[in-house]
Amino acid sequence: SLVQFEKMIKEETGKNAVPFYAFYGCYCGWGGRGRPKDATDRCCIVHDCCYEKLVKCNTKWDFYRYSLRSGYFQCGKGTWCEQQICECDRVAAECLRRSLSTYRYGKMIYPDSRCREPSETC
């Protein structure tokens with residue numbers, strides 16, 4: 001669920017998902033278009049694409065179990081959808097951590113008008 005993804009982001013990056021990622025670049029937050037602006041934005045388009053593959057799952061609201069062991073997230077047992085959603089969120093949260101060095105506060109609330117390039121496909 002988005003609540004768990006938000007928690008993973010905080011645990012991985014030390015930043016709250018809102019406001020630091022909810023409106024970042026062209027792809028973080030709801031929807032997206034154009035080209036990703038940097039590594040952080042690329043994490044978000046990859047996450048969007050991961051969710052797109054789970055067409056029969058309720059990606060935003062399905063609750064899943066996970067734990068943090070030795071600094072790594074482990075997705076718990078659950079339905080196929082719950083496990084896949086957890087994996088999408090886990091990979092994205094870890095990607096956001098790896099991208100912290102290139103995070104730019106100037107892209108934190110990025111105007112849609114700057115996302116006009118042709119959109120990337122999954």
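From the backbone N, Cα and C atoms, a Cβ is placed for every residue, glycine too.
As the structure is a computational prediction, the values presented were derived from the model and not from experiment.
Swiss-Prot has this to say about the protein:
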DISULFID  Cys26-Cys115  disulfide bond
BINDING   Tyr27, Gly29, Gly31, Asp48  Ca(2+) binding site
DISULFID  Cys28-Cys44  disulfide bond
DISULFID  Cys43-Cys95  disulfide bond
ACT_SITE  His47  active site
DISULFID  Cys49-Cys122  disulfide bond
DISULFID  Cys50-Cys88  disulfide bond
DISULFID  Cys57-Cys81  disulfide bond
DISULFID  Cys75-Cys86  disulfide bond
ACT_SITE  Asp89  active site
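Known features from Swiss-Prot, placed on the structure.
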residue: Cys28; record: disulfide bond; DSSP (3 states): coil
residue: Cys43; record: disulfide bond; DSSP (3 states): helix
residue: Asp48; record: Ca(2+) binding site; DSSP (3 states): helix
residue: Cys57; record: disulfide bond; DSSP (3 states): coil
residue: Cys86; record: disulfide bond; DSSP (3 states): helix
residue: Cys95; record: disulfide bond; DSSP (3 states): helix
residue: Cys115; record: disulfide bond; DSSP (3 states): coil
**Item:** Collapsed DSSP category at Cys75 (disulfide bond)
**Value:** strand
**Request:** May I have the list of same-chain residues other than Tyr27, Gly29, Gly31, Asp48 whose Cβ is within 8 Å of the Cβ centroid of the recorded Ca(2+) site, in sequence order?
**Result:** Cys26, Cys28, Trp30, Gly32, Cys44, Ile45
**Request:** From the recorded positions Tyr27, Gly29, Gly31, His47, Asp48, pick the residue whose C-alpha lies nearest to the C-alpha of Cys88 (disulfide bond).
**Result:** His47
**Fill in**
Students should find that the Cβ of Cys28 (disulfide bond) has, within 10 Å, a number of other Cβ atoms equal to 26
**Asked** Whose Cβ, among the disulfide-bonded residues Cys57, Cys88, has more other Cβ atoms within 10 Å than any of the rest?
**Response** Cys88
**Prompt:** Could you give the Cα-Cα distance between Cys50 (disulfide bond) and Cys43 (disulfide bond), in whole Å?
**Reply:** 11
